[in-house]
Amino acid sequence: MPTISQLVRKGRAKITKKSKSAALDSCPQRRGVCTRVYTTTPKKPNSAMRKVARVRLTNGKEVNAYIPGEGHNLQEHSIVLVRGGRVKDLPGVRYHIVRGALDTAGVEGRTQRRSKYGAKRPKK
């Protein structure tokens, strides 16, 4: 516990909060170009082929971003919109690609939680 005179001389050290999505530079989303689209396997208890893209953002940073939903149309040189949000069972994947924005198509045949996957309202 510091004395009052020590606090007058030095003051309290400010605790700086580290961003969980530093590559976005305090922006809600960023545009980027896919440099590689691939699948990878998740951590131990889970088993799947997760779809991931390596994206070069407009600020020059390269990130790994998850492609949500079933099926996608992304390939190298696709323009995508990247938002924050990590994938718990994929180490190093701290961003999500926004479905239904720019070159990324929405998920086909999706009827529930459509807005999260860029799917249009189905015809009756």
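Placed from the backbone N, Cα and C atoms, the Cβ positions cover glycine too.
Range annotated as region 'Disordered' by Swiss-Prot, chosen from 1-24, 49-72: 1-24. Through the fold, the compositional bias 'Basic residues' (112-124) approaches residues 68-69, 98-101, 104-106 of its own chain, all at least 6 residues removed from its boundaries and within a Cβ separation under 8 Å. Cβ neighbour count for D89 (3-methylthioaspartic acid): 15 (other Cβ atoms within 10 Å of its Cβ, all protein chains included).
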